[in-house]
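Okay, structure first, notes after.
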């Protein structure tokens, strides 16, 4: 959520910066509401002062034995007007708050300006895509050969965009997640967490999924109780652990990691990636979250991205890093890097991780603060998140990049300790 001071003092500048994201801010509506809010607030303050004066006069008149009925009537009338003013003021503020919750974050000055993914800027590449001397099979065909990927069984259970994994491929999927968690906790300094997969609306509002992106979520309605939502990412549960907290400066940075399933309706993805595991309603992901001092968040973004890259490097999977343009960044991001892994069957790089600095955008929504030792006062923290990595898409990349001519899959060296001696999946 943006700082309300920005919207009051620099509204047109904010609108211009948001326009670079393709977001049209209704400046006239906000100005109109602000004018009404100020007018009602001024009138209410004046009325309160008059009421206080009348109340004082009642005591004086009573002491003199004068008729206080007219004064009492005035005070009662003013009390009713004050109550009506409060209702009006609350309504205006609720409308302003509703608008603010739909406004995306302001992009950092270092973010390339652009309208779509076509304007993203490649920052670097790592590794060279393998030259195959046989016809490349995609992960669906490879899974059929080994019997380890079954989309028909999943469709029977749940419909489209689900998968059943079995045997060595299921184990490889588990191995990938364990490897990622061990790397991030053992070498990158993250603390592992196990968090709920069901959260309530305030948590999703805190990280920015609600109210704007409810159609992307799976919702569980409960009669007489608060609704649940299945998490679209562990970013929601991990980041909200600091909601409403004031963190001691000595505790920062907080570095949290979790391996969870993620659930997404893919409401806007009709017809896209319908084959295989690239785009699923349910998929596993290892998520990294950092909570840092504001002055250190851009440096932390570079480190977070490097942590995600290290997974791909150790798996020896070719990838590239993109700086997302203003028009392609996520709702809450100040700046984002995407990691894209090489998928041989598609002859292109596909997103496997998104690493974002959200600045104080989420912290303001959650009221997550730290105590600045220089001032002694609570201030908003900065939050960051990144996939480290999406497990299903990493499995796709491993299957395709490590395939052999007969359809078997070599197990990457770093995963062999997790595979119980299995070196080739047939």
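Cβ atoms here come from the backbone N, Cα and C positions, even for glycine.
Annotated features, as they stand in Swiss-Prot:
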type: BINDING; residues: 233, 234, 235, 287, 387; note: L-serine binding site
type: BINDING; residues: 264, 265, 266, 351, 352, 353, 354; note: ATP binding site
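The Cβ of residue 234 (L-serine binding site) has 27 neighbouring Cβ atoms from other residues within 10 Å, across all protein chains displayed. Neighbour counts of Cβ atoms within 10 Å were compared for the binding-site residues 233, 265, and the top value is held by 233. Cβ atoms within 8 Å of the centroid of the Cβ atoms of 233, 234, 235, 287, 387 (the L-serine site) belong to the same-chain residues 236, 238, 258, 260, 262, 285, 286, 288, 289, 385, 386, site residues excluded.
Within the set of binding-site residues (353, 354, 387), the lowest number of other Cβ atoms found within 10 Å of a Cβ is recorded at 354. Cα-Cα distance from residue 287 (L-serine binding site) to residue 352 (ATP binding site): 12 Å (rounded to the nearest whole number). Comparing the Cα of residue 354 (ATP binding site) with the Cα of every entry in 233, 234, 235, 387, these being the binding-site residues, the smallest distance points to 387.
When the C-alpha distances from residue 351 (ATP binding site) to the binding-site residues 233, 235, 387 are tabulated, the minimum falls on 387. The closest partner of residue 266 (ATP binding site) among the binding-site residues, by CA position, is 233; the full candidate set was 233, 234, 235, 387.
The secondary structure of residue 265 (ATP binding site), as reduced to three states from DSSP, is coil rather than helix or strand. Rounded to the nearest whole angstrom, the C-alpha distance between residue 233 (L-serine binding site) and residue 352 (ATP binding site) is 14. Counting every protein chain shown, the number of other Cβ atoms lying within 10 Å of the Cβ of residue 235 (L-serine binding site) is 30. Annotation note: residue 234 (L-serine binding site) sits in a helical segment as assigned by DSSP.
When the Cα of residue 352 (ATP binding site) is compared against those of the binding-site residues 234, 235, 387, the shortest separation belongs to 387.
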